[in-house]
Amino acid sequence: MMKAEQLEVGGATSKVSTRARSNKGISAMDLVLRIVGVVGTLASSIAMGTTEQTLPFFTRFVRFNAQYDDFPSFRLFVIVNAIVCAYFVLTIPLSIVHVMRSAARGSRILLVILDTVMLALLTAGASTATSIVYLAHNGNNSANWLPVCQQFNDFCQRASGSLIGSFGGIVVFILLILLAAIALSQQRKHSL
């Protein structure tokens, strides 16, 4: 009878350690995704914040200048990406704690809530910049807006490229939220 109880206890311990290892793997992936998010949003913010092009007009004294801060949507884009980048940097230590203590439940729930808020903020910033880039490339015939990317090609290429890191950050947030949900559901199974 004693051997059967020991066998059952030993079997339960191996299942718990396997689940703990899978939660550590999820936490490690969380850490890697947060670092990727820092790189993407920082690159997007820098690329858009340094976007500028000057074109001569008739003479060298009259010039047309296009800068990112001429467009409120691009300013919002730079600010939002900087905020999200700072958020990623500030949550990396918490992610490291989750790697070391994969059973942390309250902080993981807090991260899911904050990640969702930052996902909404980043989506709003990227969407506003995307609409302006679309108008710059294609114009709008019904509003009589002409495409300006034929003249300001370098400006438009750089603005378009900066959107890539921001949309990459959106994908990172979606994956982070899904990973946290999986980790929380596995912890929930342990407690039942």
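Keep in mind that glycine also has a Cβ here, set from the backbone N, Cα and C atoms.
What TrEMBL annotates here:
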| type | residues | note |
| --- | --- | --- |
| DOMAIN | 24-171 | domain 'Casparian strip membrane protein' |
| TRANSMEM | 31-50 | transmembrane segment |
| TRANSMEM | 74-97 | transmembrane segment |
| TRANSMEM | 109-136 | transmembrane segment |
| TRANSMEM | 163-184 | transmembrane segment |
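Distant neighbours of the transmembrane segment (31-50): 68, 74, 77-78, 81-82, 84-85, 88-89, 91-92, 95-96, 98-99, 122, 129, 158-159, 161-166, 168-169, 172-173, 175-176, 179; these residues of the same chain sit at least 6 beyond its ends, with a Cβ under 8 Å from one of its Cβ atoms. Counting residues 6+ beyond its ends, the transmembrane segment (163-184) has Cβ neighbours under 8 Å at 23, 26-27, 29-30, 33-34, 36-37, 39-44, 47, 77, 81, 84, 98, 102, 105, 108-109, 111-112, 115-116, 118-119, 122-123, 125-126, 129-130, 133 in the same chain.
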